[in-house]
Ligand SMILES: *[C@@H]1O[C@H](CO)[C@@H](O)[C@H](O)[C@H]1NC(C)=O
Ligand SMILES: *[C@@H]1O[C@H](CO)[C@@H](O)[C@H](O)[C@H]1NC(C)=O
């Protein structure tokens, strides 16, 4: 009797000491309960940790399953888990309301790791033969099975055995995240006095992961005003100010924005001849972007009066910076400027709102004067 008790204590610790982990790294394999196909020993615990390469999942299927049944599998069981999640626990000979056996259904790991633990408690009332299972690595079709939108390809997805890669539509470049498609949009210079600038692909959703840069560059003396038109739609956040995508406007050292959301900024009168527009998009979201129409105006110059015996071309009610007019005289008269005679004379509206010169006068030409004098003498 004493020996029996001793054995119980000793054998128990011996068996517990036999609880061990088997590391498996093959693409397929075979696992069985201890002693299979004989009945498994009491008080044993074995864990098989299977790791296959990234891009594969593990499919486990049971050819044979025969374990002691207990309420919620608290005595003997086969537990299948990942690093942080129990996938399923099996026990018994057939599935009941509270216990599950594998049946014909394979178990599929969500990732490339699966841990299988077999445990038996200290006693078995009958003889149970345990289990016999196979596993194999199966390819993950990342293109169709990926649930997380944030990780899927932006444009095209290509699956291959053990992995996948993304590609982009014509005109786009794959971002270094290997997933989103960006555009090259940092080299835009606008030098016309009016123009329209939009986010790439406007009014279709703008590309992800892009840094766009637009410069409006006019001569000093012009002042650029900007007006947002049409749709304005930039990904925003209810609490944080433009954390994802935004447009910023830089005028001299001053930065306006960031702007985002669905309400366009008010028209902006920059009072400057150089304006820079920065547009940033992150790696997610489908928003339609923005459209800016800009106009550059200069200072207005004073009204002009044509000289006596002369005219101004073109004759307008208003003149602005950079406008030029040509002064010419009637027949028999010449433009007189700084003691020189000429046929025409040009003046220009300057950036500070002044004309480059006064309006010259028209003087009767010497020759004409003589001829007129002669003819007067003749008629006398
Ligand atoms: C086997 O996997 C289990 C579950 O993730 C883990 O707790 C255990 O540390 C692993 N054993 C070894 C030896 O890696
Ligand atoms: C993208 O792919 C390249 C080449 O296949 C690889 O070297 C790089 O580490 C990948 N980058 C990321 C962020 O996955």
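Positions of Cβ are set from backbone N, Cα and C atoms, glycine also.
Sequence annotations record features per position, and here TrEMBL assigns signal peptide to 1-19.
Look at TrEMBL and you will find 11-138 (among others) tagged as domain 'CUB'.
Taken from TrEMBL, the feature domain 'CUB' covers 185-297 (among others).
DSSP classifies residue 185 (disulfide bond) as strand under the three-state reduction. In this view, residue 185 (disulfide bond) is surrounded by 17 other Cβ atoms within 10 Å of its Cβ, with every protein chain counted. Annotation source TrEMBL lists disulfide bond at 185-212.
Taken from TrEMBL, the feature domain 'Sushi' applies to 299-364. Mean pLDDT, taken over the domain 'Sushi' (299-364), works out to 92 on the 0 to 100 scale.
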Residue counts for the domain 'Sushi' (299-364) under DSSP, helix then strand then coil, are 0 helix, 33 strand, 33 coil
